[in-house]
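Beneath this line is the structure, given in structure tokens, with notes to follow.
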């Protein structure tokens, strides 16, 4: 055996090996960069348009069921206060129209609805036709296919709305509230830092009447709210009852009331849209502990600390609840 032979280095082979290593390293680094660049993003402008279209579609379903006189009212159970929590075909059909049109149009975002409908039970729905961009992973949408279902079953249609809200990193950014009934259906929207719908802006121009402060509360989830409001604000404040969180939020925006107060548990799909619109107008909606409401966690659908919503004097009014 000859171990004394010479090893001849092939320069071309070395060049090929070095080149291959360089290409491999370049591929790995560029691939990582590419993965970062191709993260799913979504246009907030398109989400606003989609929210408007979805709420209008849902509103049409609500009106159609109402006109058919076949509500098919059932109970989902009772609230903490023992009030019946009804559901109708209108809730479910509006949910089909809103939920699946949104999820088909934006498959990467999370959509949380008050109602649950199997897609197989919904008729075929097309994606919505649709610009600050954000990562899809940062967006959560909260929708209420029929707010004020109890009032809907009682023929109190002025309180009935369909609602959609876009939250980015838990903060309400876009809110849409659609009133499907009345002489003409009306849609109000707000985009924080961008603007609000023309009709909403016109309502907002009204001067708030400080001489006769009014607090609006829920007619079906009042709990001890009336006595709490009286204890907090005294007899100088009037208390009125109304149905639907969307309706009450718009009353705040229109300056027809001084504040919207809710002292018991409330679901986030009930308040997210109103929260965004009030915020877009420069107002505030917080818990009664004066904490912002976070809409990021889709598993945490409940706000347990009450709400105070105002257009003006929020910090002054919230102090009254701290002394109770």
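For all residues, glycine too, the Cβ spot is worked out from N, Cα and C.
Not measured: the values here are computed from a predicted model.
Taking TrEMBL as the reference, the stretch among 12-29, 30-47 described by the feature transmembrane segment is residues 12-29.
Mg(2+) binding, as stated in TrEMBL, involves 114, 144, 146, 147; the candidate among 270, 292, 297 given for that site is 270. Long-range Cβ contacts of residue 144 (Mg(2+) binding site) within its own chain (separation 6+, distance under 8 Å): 113, 114, 161, 162, 163, 246, 269, 270, 273. Applying an 8 A CB threshold to same-chain residues 6+ apart, the list for residue 146 (Mg(2+) binding site) reads 58, 62, 88, 90, 91, 94, 95, 115, 152, 160, 162.
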